[in-house]
Amino acid sequence: MSRGSIEIPLRDTDEVIELDFDQLPEGDEVISILKQEHTQLHIWIALGLEYYKQVKTEDFVKLLEAARIDGNLDYRDHEKDQMTCLDTLAAYYVQQARKEKNKDNKKELITQATLLYTMADKIIMYDQNHLLGRACFCLLEGDKMDQADAQFHFVLNQSPNNIPALLGKACISFNKKDYRGALAYYKKALRTNPGCPAGVRLGMGHCFVKLNKLDKARLAFGRALDLNPTCVGALVGLAVLELNNKEADSIKNGVQLLSKAYTIDPSNPMVLNHLANHFFFKKDYSKVQHLALHAFHNTEVEAMQAESCYQLARSFHVQEDYDQAFQYYYQATQFAAASFVLPFFGLGQMYIYRGDKENASQCFEKVLKAYPNNYETMKILGSLYAASDDQEKRDIAKSHLKKVTEQYPDDVEAWIELAQILEQTDIQNALSAYGTATRILQEKVQADVPPEILNNVGALHFRLGNLGEAKKYFLASLDRAKAEAEHDEHYYNAISVTTTYNLARLYEGLCEFHESEKLYKNILREHPNYVDCYLRLGAMARDKGNFYEASDWFKEALQINQDHPDAWSLIGNLHLAKQEWGPGQKKFERILKQPSTQNDTYSMLALGNVWLQTLHQPTRDREKEKRHQDRALAIYKQVLRNDSKNLYAANGIGAVLAHKGYVREARDVFAQVREATADISDVWLNLAHIYVEQKQYISAVQMYENCLRKFYKHQNTEVLLYLARALFKCGKLQECKQILLKARHVAPNDTVLMFNVALVLQRLATLVLKDEKSNLKAVLNAVKELELAHRYFNYLSKVGDKMRFDLALAASEARQCSDLLSQAQYHVARARKQDEEEKELRAKQEQEKEILRQKLIKEQEEKRLKEIEEQKKLLEQRAQYVEKTRNLLNFTGEMETPKEKKQRGGGGGGGGRRSKKNGEFDEFVNDDSDEDLAPRKKKRKKGGGSSGSGGEQGEGGEEGEGGEKKKKKRRKRPQKGGDGSDDDEDQAPQPKKRQPKKREKPAKFERTPPSMKGKIKSKAIISSSEDDSDEDKLKIADEGHGRGSNSDSDEGPRTQAKKRIMSDSDSDNANKSGSGAGSPQKSPQSDGDSDNNAWARKRRRQDSGSDNDSAQSRRSSGGSDNESRAASRSPESQRGSDRGSDNEGSARASPNESEQEASNNEKSDRGSDDSD
């Protein structure tokens, strides 16, 4: 069946040439016909495509290349055909470039395609087919993915269902790891055209694998195989899924699928690499190498080539062909993507084999970056960095190994590696790590602990000072090494030697030098070249003071190793200890001349210290001193350049600065060094020296004392001398003397100490002698110390150390002591005289004190006797008064009539008003009734009525208020010894107007006749206390504090006396009155009271007469008024009571005055009654 034909019009005629597709002539013949007939371009393109379909690619290329030049463009829309011609040819070149293996040819094809696409851009830039072709070309180049994405996006905006654009977007999304997006594009393309080729299903399968949807991936790969049984990609995908199941049947199926794919396409690199991987685990390394090499040469994809190289490298690695393995590992890392780190792991192992730890670390760091918690990588890196000299890397190693031990706590190797790292910085944790490793070995591995670990644990205990534990582990290590020596005698004998050396060092620490020396010599008998033993024997001899023996041992070490730096350093230190600066300097210079030790830090520091020491020697050559300063400074700087953290070099620079006079800068340097570490004693001493130079003596003293406490278990005479110097400069000579004496106990033969002691004694004695206030004992002691200082200076001026101080200075000081001693007798005499005067003065003072003391004792005794006498007298008076009061109360009780008792009982709470009708004794007045006088006074002040009516009204009002809180009238105290005038008895009181401050008082009438005066005593003067102080008086006044509101000052004692009498006769009053509150109480009087009362009643009866009725009515009305007034005045009464307390001093009146006051008050009461 004919596939068709094409007609070629003949020029200038209506005839055509028909070419059958099944019988196409040669390309050149067709091209000549087309050129001759000036055929239009679209016919050229159609013929070219037909040639391409018939796989006649050469004719296809010739035809399209000729059409670009000779095609007829004289027709409508020729631009689109022109663009199609260029795009078609460019697409062919792109396809060829994808298949080309040769890089140069591939590059040439890509260049031609780029040129054709650029020409097509100039014709029609935004044609869909043109854009699709150009986007596919950008995908092939790889680095223009974003540009291709933009072109696919542009096409999809114009035609959303364009399948090539959808597939291109899916490819781009997959490469950008947007697997869901890629799957969506594939699905859309499949929905748009369900008859898509198998490649679409293959792409979907890859997306499903990346999304971990393995079942759907399996279905997609299966569907692709259904559509195209020769789809190699689908076969490989299914094979990988089967192999990852890790089951025997699945692995077998996977290998069969790979074999089928290999049969279909033997050059497919993916198939070849997977087969190589399979045969590697089958240990068929020859097939691995053949397949991987074949795969490497059949692909230009670098990821595929990296996989092929890796397969080749590990096959050579397992065959121990490390050179070939290194070559292919390295080549694989050049091709590998960032995520493919297996070649770096193998390459790192090859670098370790070659001893290149730096490159090995870099390789494993790349692996760890991709897989941060990979156990093997962290362990290897930890081991590599553990052996590094860089502290930062050691810290990284410690971090990695800690993570390893956390992930796998039973990894013994990791614990041992971690312990070895911690040995330098954290001994305690290192011991803990070794302990864990030991426990794992014994409990889980069921193995003996290696002698190496036992030795290391012992060394750590030795460093911690646990010498007993260290000895136990060293001995255990020796026993274990002897047991293991049966298997590897040479190795374990070497371990035994090391452990024996450590044990000898331990015996040194235990001060068992004999045992230590024996072990060192035993080692030297078996191993004469063990240099460290010679050095330790020399150091022991040096510490004993045997410098010559020490030098011999060090020279023995030099015979074994002529350039041993430690031996030369120890010999140099011997010279420096003897202050042989020149020979010592030469030894350290020799070390620095050797190429291997030309930057030896210890030797350079020693040289700097030598130059610094020369600055301490007295010299007048300033140029030489400056030269030495500069040399020392240059050496210290060189050390810091080699080791920026060397604290000793920084300390040396500070010392040089101090010598140059830059004290402040030197102090800053020392302070920084001390901040970095507080374990260098020289820094503390240098800071203290700086403080002395700055005259901060207190700070210097504190620094010296702290240095002594921190660094020197025993007294260090040098530091004690520094401390004494600081104390001397700050004037604390006594403390300075004590420090120097302490140093003399340590070094009694030190002439410098002797000189300083003598100087301090001289200064102290001088101060004491010049002080005129010094006592005799101090002066005598000063003279004694001055004589001692004189002897010291005389001795030192003859046999002193010329190298340490000037002997002439000692002689000068001796002469000065002699001069002071010549003046000592004057000072002694002056002090003795002063001492005698002071003794006399003290004796006189003591005598005066004794007299004064005796006088005080006598006065105190007299006072005590007087107080006893007064107390006795008061007690007698009180007893008399109590007896008289008791008699009086008994007499008054007999005089009362039953009617009066009844009236008193009935008026207890309320009224209590009396009239003459009630009986003859209703008007009877006793001392208690003066409580009724206070309201009487109020009445007169308020209403201005007569005293008689006011008195009755006041009496009724007072009893109407009830209770014992009756207002009392204060009376003026009569003059001492006065009996009262007759006018007071006859004359009635005149009412007065009340003044703001001064009130007129009615005349007082005596109730007691003169014959009774002196017989009634007030109880106010009787006190239970031993003295009559104000406090006791105040207590007596408080008992009647609330009684008198506006009374005068003389009322206080009367009220107190009455209150006290009431308290003495409670039982009688309770029996005689009903409620006891309103009944009048008996007045304390003598036996003659009854006559006076009778006389008073008779006179009242005669005078009152007919006025009784009117008076009685007035009393009734006045009583009610007074009740209300008394109630309204209660606050005033309270204030009056406060004022009344100020008058309590009246209680001091003598008994006679109290008797007169009582009689006057009685007369006053009678007078008021008579007026009624």
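A Cβ is built for glycine as well, from the same backbone N, Cα and C atoms used for every other residue.
Owing to the predicted nature of the structure, the values given are computational and were not obtained by experimental measurement.
Per Swiss-Prot, the feature repeat 'TPR 1' maps to 41-75. Among the features that Swiss-Prot reports, repeat 'TPR 7' is placed at 341-374. Under the heading repeat 'TPR 8', Swiss-Prot lists 412-444. Taken from Swiss-Prot, the feature repeat 'TPR 9' applies to 451-484. The repeat 'TPR 11' annotation in Swiss-Prot covers 531-564. As annotated by Swiss-Prot, repeat 'TPR 15' applies to 681-714. Annotation source Swiss-Prot lists region 'Disordered' at 889-1172. Look at Swiss-Prot and you will find 921-932 tagged as compositional bias 'Acidic residues'. According to Swiss-Prot, the feature compositional bias 'Gly residues' maps to 944-954. The compositional bias 'Basic residues' annotation in Swiss-Prot covers 965-975, 991-1001. Here Swiss-Prot flags 1032-1042, 1160-1172 as compositional bias 'Basic and acidic residues'. According to Swiss-Prot, the compositional bias 'Polar residues' annotation covers 1068-1093, 1105-1134, 1149-1159.
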Go through the chain and flag residues at least 6 beyond the ends of the repeat 'TPR 7' (341-374) whose CB is under 8 A from any CB in it; none is fine as an answer.
306, 309-310, 313-314, 317, 322, 325-326, 329-330, 332-333, 380-381, 384-385, 387-388, 393, 403, 407
Please list, for the repeat 'TPR 7' (341-374), how many residues fall into helix, strand and coil according to DSSP.
27 helix, 0 strand, 7 coil
Could you tell me what the rest of the chain brings near the repeat 'TPR 9' (451-484), counting residues at least six beyond its ends with Cβ under 8 Å?
416, 419-420, 423, 427-428, 430-431, 434-435, 437-438, 492-493, 495-496, 498-500, 502-503, 505-506, 509-510
On average, what pLDDT score does this prediction assign to the repeat 'TPR 15' (681-714)?
90
Please give the sequence-distant neighbours of the repeat 'TPR 1' (41-75): residues at least 6 beyond its ends with Cβ less than 8 Å from one of its Cβ atoms.
6, 8, 19, 21, 24, 26-28, 30-31, 34-35, 81-82, 84-86, 88-89, 92
